[in-house]
C-alpha cells in the first residue's frame, strides 16, 4: 500500500482478493478518498458499480416464535445489525459527502456581461434594500396593532321600581305615613311613640272641604289626593301695598278686613300620598306655643336697662324691680302676640296668641304700651289662616293634635330642639332660599331679620358708657395710629388675657362635667328657703363673675349709693329658685374674694356685660330655663345628645354646621344602649347648668374695632358669630345688581356663580370673591353699587338668625361708622345651644311671629321630596307640573334618542333648579330626569306660580328673566347637539364636574392604599381652597359619631341626616372606603357619591377587582373615574389602554398620580445581603458621589415635578374635582407655533399649573409633547429636533409624488412625528390631552382623546394639498384649524375654569380691493411685479382657497376671545412664515419674552390666578387677622 507507482498494479492485486470482504472494501474506499477522480472512475469500471454505491444496512431477520428463537434474534441484532448501521453512517460522513463537496468546488464558471448589465443589477439590489428599509423598517408606524379611539360608554337607566303604589294594604299605609313624618328628621322610639299615640285618622269623601285654619295640629295625607286653596287678597289693592316695608313703617292694615263675597280662592298645590298638608312654619308654631318672644326679666336691673330710656326713669322707680320692667320703652318692647308686626303690608295672624302674661306671672298690666291691644282686632288662633283643603278623591288623612307637640316639648325638650333645628334647616333650604334667590322676594326674607332686632336689642348698662367707653376707644385709637390702613381694615381686637383658658381639651371638659354632675346630686335642688348666705364657697365660685359682682362690691362707691339697696330687693323674690348662670348680675350675692382683683379690669366688665346682653337676646334667663327644666330629668337617654360635630374648632368663623349646634347623632339608635362617650356627655348636656356656661363663655367674648367701610360679613358666607354693637352703626345691605339677578341655576356656572347662597363658588380669579380685602378695587366697586337696607344701632345684634340657625348671610354687613363690637364666635353659640335648647325654640317662636303672609303660602305649597338613587323623577314626554330645586344630592337629565341611545343634557347639583322652561311654557318634558344618588328636592308646583303671578306680578318678571336666560343657553348649546357621538364623551359634559359635593375613594381591589391617597387628596383640597372647606369620612369617623349601630336599619335615617348635615356644612366631603368589600360603609360610600374615584396600582394586574364587581352590582349612575397610582412619574405605552379596555363603565376619564407606596410591610428581621450585593451597592454610591463633581451635566429637578408646591398630581386632581382646572389651548400656525414652547416655559416659571391641554395643528404637536411628561425640558428638546427635520428641504424633495391627492406621500412627515412620540397613546399622557381634526367625510369637527398619539397629531397637522389626509375608521381627517383653530369652547366644556389660549395663526391681508368686475391674469401678474403700482395685489388662487377653508375658523376664533375665563395670548410672530422651522431659537425667544411680559401684566392688574389666593386665606383676612392684630 506504500507503492506509489500507479494505480494499476495496486488495482490488479486487489482483483485477486475477495470483493465480499469488508476489509478490502474499506481499503479501496480509503484509496479512493486519496486518489484522483480518474482513479475512482477506473476502480468503478473494475468493480462494476458506481463509486457512490454503499451497501444498505442489513435488515433484521424475522422475529421467531419460540423462546430460543427470540434469544438468537436478539443476539444477531446486537452483533450484526447495529455495527452495520454504524458502518454505513461513518462511511457517508467520511467518504460520500466530502466527495460531493470536492466535485462542486472544483468546477469553474465564467460570466461575461457589460457595464449596463452590472448597473442594472446594482440598481435592482439597491431598490430591493431601499424597499425593505422604507416599507419594512421605516414604516413601522403603519404596522402597529390597531388601537381605535375608545368608545364612550352608553348610559343605562335602570328600571324605575320606585313608581306607583306597589305595596297594598297596611304596608303601603305605613310607608306613606313614615314618608310624611320624615320632615321631623330622625325620631327615636320614645319620641315617635309620643307623637303618634294621640294621632287621629279622618276620612274625606270626594269634594269634601276641610278648613285647615280650624285644625290645630299636623295634618298629612295617607291615601288620596287633596288640593290646597288660599283665599285671594286681590281686592283692588296695588301690588305695592303688599310689599314688605323695610323702612320700618308699621302703619299697615290688618289682613282679612276686606273679606267679601267677591274674593275667591286660588289653588296653591296638590298633596298626594305621603305628603304633609301643614307647612314648616305651622309645625314650628306647634312646638313653640309656650315660648316668650322677649324676656321680661331682662329689664329687671339697672345694669341691663334699656339705655337712653333710663334717663326718664325717676330715682324712686328702681326700688321696685317691677317698676323697672314696665318703664315706658315702646320702641324696644314688642307686641305681645306679634299681630302688629309689619308683614307684607298687613298683619299676620299665623300663630296662636302668645299668653305672655301667664308666663311672666305679673298681674299688673297697666304699664303695657297702648299698641299691645287694638280695639276690634280679630284674634285668630289658627296656624293656617285662609287655607282650605278639598279632597279630589276619597282620601284618608292623619292628624297629630297640638297637644301631642306640647307634651313632647315638656317631656323631651332636647328631642324637640332637634326637631326644631331640622325644620329650621329645611325652612332655610326650601322656603327662604327659594323666595330669596329664585323668586326675588328678598324684601320679605330680609324684613324678618330687620324686625328681629326689636326682640334682640339690649343696651349696655349706663356705667359702661361715658368715661368707660371713652377709655376703651382710646386704646383702639392708639393701636390704629400704629398699624397701617390695610391691617386696621381687618379689625383690631382687644387683648384678652384669659383667652388661654378657652383652649382646654374636650376630654378635660367632659371629665369636669361628669365630676360636677355627681356633685349636683346634693339636696340643694328641692330646698325652698335657700339664700345666698347658705351657698357653699364652691357654689359661689361656680356661679361665675358678672358685672353685678363688681357693682355690688368695690365699685359701689364709684357709681353711687343707689345700688346698695337695689341688689337685695331684686334678689329676694327669686331666693327659693336654683341659682342660674344666666341670672341678672344684681341678683347674686357677694362675689368670691378671689375674683375681686379681676373685677377691677374694665375690659372684663365690658365682656361680661356684652355676654349678659347676648344671653338675654337669645332668651336665656332663669324663667325661660325653668320652662324646660320641669321635666329635664325625664328627657333621659332617649333624647338626642346635643353635641357639636367638631369639638376641636376654636376657629368658630369656619364652622358651618347645617344643623347648627344640635348634633342629634351622638346618641344610640334605639335609645336603650349608649356608648361611653355619649353617656359622659349626657351628664353635661340638657338644661341643667352643671358646667358654668357663663364662666366658659366669658373668655370667648372679644371686643373688636372696625373702621368705617370695613366688611364684617359678606353675602353668601356663613355668619362667623354674633356681633353686638357697643358703639357705632352697622349698615346691612346687598349689592344692587343682585336684586332680581340672583337666579337659581339661571345658567351653567361657566356664565357666573351658582345662585343659591348655599353655594358660592369662585368661578374665575376675577370674580367677586377673588378679592376680600376691603381696600381693594373690587370692594370699592361693590360698595358703589350697594343697596342699604337698614342700620343696626348700639345695643343691637347682627347675625342672630344666621348664627343660631346656621344660615348663610343674604346680605353684606359694613361698618357705617367707626364701630366697636363685641364678638361671640359660633363655636360658643354651639355650646349654648347644647345645654339650653330654649335658644332654638325662642328663635323659632320669633320667626313664626314675623312670617309674612306671602312666605307662609309659599311654604305651604313647596313640597320637600326625598328620592332614592336611580329613581326617575319624570320621563321624557311627561306633563310638566312642577319645578325641582336640588337641596341635597345630584340629578342628571338624559335625552333619549330615536335609536335608543341616551345623551346627557346636563347635571344639577345642590342649589340648582331644573324644569322651569317647560313648566312656564306648559310643554312636555324634553328629557328624562333621574337622581344620581339619594337626593332631597324642593318641588315648586305650577299652581303656586299661577297663584303668585296673579297676586304678585313682580314674581313673573323674575321668572321671565330666568326663562330668557335658559332660552339663551339653548341657542348657544342646543340640547340635541351631537357631542356624545364625536365629542369628549357622553358623561364628560360642561356640567359634570361642576358643583360636586361628595367624592368617594374606592379601591379596585384590596391592598390599594386608599387611606393615604385620601389624606393626600384632602391636604391638596385644603391648599387650593375649597369653598366652605372640605372634610373626609371613613368608617372609624362614622362609628365615633354615631356609635356601633350606625349602619343598622334603625340608624339609616340618622346616618343620612348626619351625611346631609356634612354636605351642607362643607363644600366637599370625601368618602374613603377603607373597609372590606361587603361592609355597609362601602355601600354607603357608593350610594352617597357624586363622583367615584376607582384607585388602582398601575403596575399590578389590570383585571377587574372585587370592589368594582360590587360597584356594578349597586347599579349606580354616578360619574366614575379611574386613578392609576405610579411609583415613578412614568407610564409605559399601552398600560392605560389595558386598564380601560374592560372597564366600559369608566365614564369620567382617568388620572395618573405619582405616589410612593409600599405594597408589603418591611420584615421585622431583614435578611442579610450577600457580600457581592453589598459591594456592588457601595460602588454605585461612590460612583454617584464622584459624578456630582466631575460630570458637566447640570443636575436639577424638573420644573413640573410632583414635589413642586401647588403643581403636584394631587393638586391637579383636586382642581379637577372642584371645577377649577387650568386649561391650555394652543392654536395652529406652522413654524410660528414654536413660540408656544416659550409661552409654556413662561407659564412654568410663573408657577401656573396646567391641568388640561388641547391643541390644533402645530399646537397639537406642542401640547402632546408637554402633556406626555408634564415638563418643559424634554418638550424643548423634542420640539427642536422635530423643527430640524421639518427644516430640511431634502426630506420633502425625496418625498415628492405625482400630485393627484397631494404633493408628497406624507411618509417623511409621518416618520418625523412617529420618531417623536413612538407608539405612545394619548391615554398614557400624564396630563389630560385632546386634539381636534376636520372630518371631511362627514363634514364635522372631531376631538380625539384616545388612540395613538402620532396618528391624531399627524391628522391635526394635515394641510390639504401638501400632505394626504389620514384615514381613520373609513373617514378622512384634515387639519382641525379649518373649522376651529382655537378650541376654547371645547376646553370650557371639559370643566376648565381658567383657560390660556395661545393663538399663532396667520393674519390675512384685509386691504380693500378695487380691481373691478373683471380681472385679467396678465395684468395681475404684471401688477405684482410692478414696484410703482399703487393698486393692491389681488389674492392668488391658492390664497382664495385658503381663506375659503378658514372661514368658519375665524368666527370661532372671535367667539373664543370673548369666552368667560379665557386669557387670550398672541405673541408677535407675524413676520415669520408657516415653514420657517429653521428659525427655532429666534421664534422661541419671541414667545418666551411675550409670555413673561403678559403674565407680569396680569399679575400687576391682579387678574392672574395665583395659587396663594385660596378660600382659606380669604377667610383668614377678615376673621383670624383681627384676633392677631390685638392690643
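Every residue gets a Cβ built from N, Cα and C, even glycine.
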Tell me which range among 29-49, 92-112, 113-133 Swiss-Prot lists as transmembrane segment. 113-133
Stretch carrying transmembrane segment according to Swiss-Prot (options 70-90, 154-174): 70-90
If you draw a 10 Å sphere around the Cβ of residue 1375 (active site, proton acceptor), how many other Cβ atoms fall inside it, taking every protein chain shown into account? 27
Rank aside, I only need the closest one: which of the recorded positions 700, 715, 730, 790, 1375 has its C-alpha nearest to that of residue 862 (nucleoside 3',5'-cyclic phosphate 2 binding site)? 715
What residue among the binding-site residues 715, 910, 958 has the most other CB atoms lying within 10 A of its CB? 910
What is the nearest of the binding-site residues 715, 730, 790 to residue 878 (nucleoside 3',5'-cyclic phosphate 2 binding site), using the Cα of each? 715
Closest of the recorded positions to residue 942 (nucleoside 3',5'-cyclic phosphate 2 binding site), Cα to Cα, picking from 730, 790, 1375? 790
What is the nearest of the binding-site residues 894, 910, 958 to residue 730 (nucleoside 3',5'-cyclic phosphate 1 binding site), using the Cα of each? 958
Per DSSP (helix/strand/coil reduction), residue 958 (nucleoside 3',5'-cyclic phosphate 2 binding site) sits in helix
Minimum Cα separation from residue 958 (nucleoside 3',5'-cyclic phosphate 2 binding site), reported as the residue among recorded positions 700, 715, 790, 1375 that achieves it: 715
When you rank 700, 790, 846, 926 by Cα distance to residue 1375 (active site, proton acceptor), which of the binding-site residues ends up on top as the closest? 926
Across 862, 894, listed as binding-site residues, the smallest other-CB tally within 10 A is for 894
Overall pLDDT of the domain 'PNPLA' (1224-1388), taken as the mean: 92
Report the nearest neighbour of residue 894 (nucleoside 3',5'-cyclic phosphate 2 binding site) in space among the binding-site residues 700, 715, 790, comparing Cα positions. 715
Where the distance is taken from Cα to Cα, which of the binding-site residues 846, 910, 926 turns out closest to residue 700 (nucleoside 3',5'-cyclic phosphate 1 binding site)? 846
